[in-house]
Amino acid sequence: MERGTVLIQPGLWTRDTSWTLLYFLCYILPQTSPQVLRIGGIFETVENEPVNVEELAFKFAVTSINRNRTLMPNTTLTYDIQRINLFDSFEASRRACDQLALGVAALFGPSHSSSVSAVQSICNALEVPHIQTRWKHPSVDNRDLFYINLYPDYAAISRAVLDLVLYYNWKTVTVVYEDSTGLIRLQELIKAPSRYNIKIKIRQLPSGNKDAKPLLKEMKKGKEFYVIFDCSHETAAEILKQILFMGMMTEYYHYFFTTLDLFALDLELYRYSGVNMTGFRLLNIDNPHVSSIIEKWSMERLQAPPRPETGLLDGVMTTEAALMYDAVYMVAIASHRASQLTVSSLQCHRHKPWRLGPRFMNLIKEARWDGLTGRITFNKTDGLRKDFDLDIISLKEEGTEKIGIWNSNSGLNMTDGNRDRSNNITDSLANRTLIVTTILEEPYVMYRKSDKPLYGNDRFEGYCLDLLKELSNILGFLYDVKLVPDGKYGAQNDKGEWNGMVKELIDHRADLAVAPLTITYVREKVIDFSKPFMTLGISILYRKPNGTNPGVFSFLNPLSPDIWMYVLLACLGVSCVLFVIARFTPYEWYNPHPCNPDSDVVENNFTLLNSFWFGVGALMQQGSELMPKALSTRIVGGIWWFFTLIIISSYTANLAAFLTVERMESPIDSADDLAKQTKIEYGAVRDGSTMTFFKKSKISTYEKMWAFMSSRQPSALGVENIGGIFIVLAAGLVLSVFVAIGEFIYKSRKNNDIEQKGKSSRLRFYFRNKVRFHGSKTESLGVEKCLSFNAIMEELGISLKNQKKIKKKSRTKGKSSFTSILTCHQRRTQRKETVA
């Protein structure tokens, strides 16, 4: 007799035997014979592309369950796979109805939202569980009860991103999203500015065009160093290549990717760039069981035909594949718990639901399992995944490393900060070239003196260069020293903008500043400082007078050479102007013989030499006994006297300081002593920390000192100090010229004896001199000569000629007598000019 057969002999058939056989056929046989449970999968494919990774994971999970009989010992899991085109919701609905007609316990897929909604509607009507593994935004009035989604809740991921931003203390964040769903996934972060001190700038990647270089260029120009990318792993791989091309793969940037497949990307090109790259990971690779399953997956994938370039590591299991693997296992666990799960054929047009559908759906939502993506539990109300863990990973030189964990209940827990990474910090600078900014300041940084031309770092020497050289030898980095362009240390203006070396560091034009830069609270807000190599405080530094005796020309020291030259030129200029105006104005001509009012001879005291004598006498504060009479000449004299008053006063004050400097004792013992006096001028280095200290100080003594320093210019007494007096002098001379012209016109109109001829009547025949000669009683000679006033020098020459002619005629006619003879003494002729 073969094993497993039942022999019933004739005559032994009784009623009890019949009931026993019926019980065996109805209860014992179904439990011992294998059952078949069919599930359906709808996957989207693209023409001429390999099989979807979700479909491969679907088959891999079914095969793994059938091989391991511990989960479903008496059930064989089979599947039906249907492939559709992308975004074809009608084809998705038709394929779903075909699978339901075959009799499936659950439907998996598709991925995209339009097709998912169509399949979900059918499953909800026929009460068949719908298993989803992609992110899907639930509607407000969600009435879909027959589905679960293994993808983490978008609200939880958004909170995780916000917690990470707060942990890093980012004040400005740039969010770059691929499509509109990214704004929904990050809504917690977008609403953060209303609750936290965070500024968010939102940008969108170009749709359809993978060239993001223009966008990256704007971000680089705008100094956007903290960037969050919400995109797929395919887009992330392409963006990383363009970031490297744009020169933005440096330690100054921090990129965060919301994709859960950052660990699966090939990041070999960026490991040693120093860039900060962070992301999430859902796979629990720390579990040995998970690691073994991932290793089996990798072995199968490496044996498969090569896939096109996707930016992923070879044979790696993505999050999509892991979620599909866990989804199949969740259905298998629920079916194992269900006793007598009978799957019937369903017709979409009949709208007759599956009788065991609600019970099976509840079993799936109640299932608990630690899968590839960690602990899996569902919310019974909306079917979303809850209470999951997200690993925080960061790119290091060794690859991606776990630096923390985020849980939907406990929040963020960073573990990287507690690790001793001193060795990594030391090694991170090896074989790197740093741009070092500095400033010329003896003895810290100086130009090296050499007969040969020097280039690069050899141009400089000093304490800071020696310190930098020692650090380079210890840490193994290279450096390129550059002087700060504006020659300043770094201070903040009223607009909050920085200059000097601080600005070079903020703008990342330099990696390091090695200089005698003071550590202040304001500077520490924007840049980081190392341990100080020297501890100093604010000190009063003043020059001790040297012991040299005054030289022969020490009296010239109070004024700069430019001032001395301008004073001499001003003296010459004023003298010439005074001479011309005195000749031009009629009020400077006077009668030398006041006893003879009928005399037509007039004289002028302001010859060229007398004008120079007047200017020199006023400059020496002595006078010259020459007093101007006309208003124009008095204006010239008054302006010149005012000019000499300022010059001589300034000279006297500075001369006393120069001569007594050796006898001065130190009157400054504290800041209060310095603030109380005004004789000794003082200041600080422009845009340095000392200047900023006095500028921002609220202490009355320091405020008074800052007011004094800001009102003084750190220069000698030169043109910029007393140059205004030269402007006053020039304005006075111009005014005197106009006044002289007015005086001449006024006198011309008033004198009715002057003949006016033509248009030149104001300037011609100003003087009309009459000389009458009387002979004897019977003879008389009258000579009348009119002088033309074409030019002043011509007039003076004619006057001298007439004088000689009169003398000659008086010798030829002895009987002649003069009624009026105008003669000038020879000595007066030399000093004064006479017009007859």
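In case you wondered, yes, glycine gets a Cβ from its N, Cα and C as well.
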Quick one: which of Asn431, Asn605 has N-linked glycosylation site in Swiss-Prot? Asn431
What does Swiss-Prot say: are Tyr270 and Leu674 on the same side of the membrane? yes
The DSSP breakdown of the topological domain 'Cytoplasmic' (583-638) into helix, strand and coil residues is 25 helix, 4 strand, 27 coil
Let me know how many other Cβ atoms fall within 10 Å of the Cβ of Asn413 (N-linked glycosylation site). 12
Translate the DSSP assignment of Thr518 (L-glutamate binding site) into the three-state scheme. coil
Pairwise CA distances across Pro516, Thr518, Arg523, Ser689, Thr690 (listed as binding L-glutamate) top out, in Å, at 14
Nearest to Asn74 (N-linked glycosylation site) by Cα, among Thr518, Arg523, Ser689, Thr690 (binding-site residues)? Arg523
What's the CA to CA span in angstrom from Arg523 (L-glutamate binding site) over to Asn68 (N-linked glycosylation site)? 64
Take the C-alpha atoms of Asn68 (N-linked glycosylation site) and Ser689 (L-glutamate binding site) and report the distance between them in angstrom, rounded. 73
Which site among Asn379, Thr690 has the most other CB atoms no more than 10 Å from its CB, taking these as recorded positions? Thr690
Residue among recorded positions Asn276, Asn379, Asn413, Thr518 with Cα closest to the Cα of Asn431 (N-linked glycosylation site): Asn276
